[in-house]
Amino acid sequence: MSMILTIADLKDLARRRVPKMFFDYADSGGWTESTYRANEEDFQKIKFRQRVMVDMSNRSLESTMIGEKVAMPVALAPTGMTGMQHADGEMLAAQAAEEFGVPFTLSTMSICSIEDVASVTKKPFWFQLYVLRDKDFVLSLIDRAKAAKCSALVLTLDLQILGQRHKDIRNGLSAPPRFTPKHVWQVATRPGWCIGMAGTRRRTFRNIVGHAKGVGDLTSLSSWTTEQFDPHLSWKDVAWIKERWGGKLILKGILDKEDALMAAKTGADAIIVSNHGGRQLDGAPSSIEVLEEIADAVGDTIEVHMDGGIRSGQDVLKALCLGAKGTYIGRPFLYGLGALGKEGVTKALEIIRKEMDITLALCGKRLVTDMGKDQLRR
Ligand SMILES: Cc1cc2nc3c(=O)[nH]c(=O)nc-3n(C[C@H](O)[C@H](O)[C@H](O)COP(=O)(O)O)c2cc1C
């Protein structure tokens, strides 16, 4: 554990501990994965200004996201099938986030349900909603998130249809895995993962199975999900979702300033500049490339968050400098979870915190909220 110093170290360990089909599910992007790669690579092009001879004592990473106090402006992004990276993954990640003091966002396509996560946490978490054709089910999901006292609804806009990820098709991804020789081999070579999974009942999409009409068993689930994402979703749908929800609303998946301006008009509390971690439109720009122009376009009309490609505390600070009030990490916490369970998620957050703290100091700042464009070389 003491030699785990970077998110890349957690990724290496996760690769060895998580069955290939689930590791690949996390470590993949759409088609050629060019946008997935650009999300990480474009951060490297941005350079800080090093400042010296300033008082670096009493530093603080504390901030707020949608009015909620956060230990650092880094939330856990919603990720589907997190409970397949590690048994009870969503529950463990939510606990790690709660203890650390950052928001956890539960995906609609999670393995552990809203109620499962609520049963092991004390503070409110956030819930991510996919709008599906079965509107009664969508309404019931909103109501369940309200009943669980979730403090924000994250509405995902960029997955009306599913981008193609070649690895998932080649691997024959499913949850739980199928019993073909290939799948049995992938699972059997990860004994720690198997022991964890044998010890939990949570091995399928528990927000859905037993709640949505016609999904009583596992065999009907895969066809249900492909049929159910709603390609008709449009800006006018935000109004009824907002009304039913009645709380803080975050719109996720904005990558264009025209869309950002539309989003600001909906009265939502924040947008997430995001390309779904490069998993949807391959060939789209990286999130960090478009962040500044989007933040400048919306100004103070809506809070701006971003995700995609953050692999260090330095990346978080670069995003803050370019106009984000908050950021999210997807794969970094999944790698931590796959590598070491709850402790690994905490480790991922600690790595990022330390990198942020040291970088802040070497840029000559004491408060993370003071980071702005003038801390970058341009
Ligand atoms: C394995 C995986 C599953 C994901 N599932 C969802 C999801 O269910 N809902 C959603 O809105 N975004 C989902 N995302 C996108 C993340 O919320 C986030 O936008 C992305 O992971 C950020 O990029 P990063 O992984 O480089 O940090 C998923 C991402 C990954 C890697």
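Positions of Cβ are set from backbone N, Cα and C atoms, glycine also.
Keep in mind that TrEMBL annotations are predicted by a computer and have not been checked by a curator.
What TrEMBL records for this protein:
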ACT_SITE  His276  active site, proton acceptor
BINDING   Tyr25, Arg165, His276, Arg279  glyoxylate binding site
BINDING   78-80, Ser107, Gln128, Tyr130, Thr156, Lys252, Ser274, 307-311, 330-331  FMN binding site
DOMAIN    1-378  domain 'FMN hydroxy acid dehydrogenase'
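Mapped onto three states, the DSSP output places Thr156 (FMN binding site) in strand. Taken residue by residue with DSSP, Tyr25 (glyoxylate binding site) is part of a helix. Closest to Gln128 (FMN binding site) by Cα-Cα distance, out of the recorded positions Tyr25, Arg165, His276, Arg279, is His276.
Of all the binding-site residues listed (Gly80, Gly308, Gly330), Gly308 sits in the most crowded Cβ setting, with the most other Cβ atoms within 10 Å.
The closest partner of Arg165 (glyoxylate binding site) among the binding-site residues, by CA position, is Gly80; the full candidate set was Pro78, Gly80, Ile310, Gly330. The Cβ neighbour count for Ile310 (FMN binding site), using a 10 Å radius over every protein chain in view, is 28. When secondary structure is read from DSSP and collapsed to three states, His276 (active site, proton acceptor) falls in the helix class. On the backbone, the CA of Pro78 (FMN binding site) and the CA of Tyr25 (glyoxylate binding site) stand 14 Å apart. A gap of 15 Å separates the Cα atoms of Ile310 (FMN binding site) and Arg279 (glyoxylate binding site). Ser274 (FMN binding site) sits 18 Å from Tyr25 (glyoxylate binding site), taking the CA atoms of both as reference points. In the three-state DSSP assignment, the secondary structure recorded for Ile310 (FMN binding site) is coil. Arg279 (glyoxylate binding site): 25 other CB atoms within 10 A of its CB, across all protein chains. Across the fold, the C-alpha of Thr156 (FMN binding site) and the C-alpha of Arg279 (glyoxylate binding site) stand 13 Å from each other.
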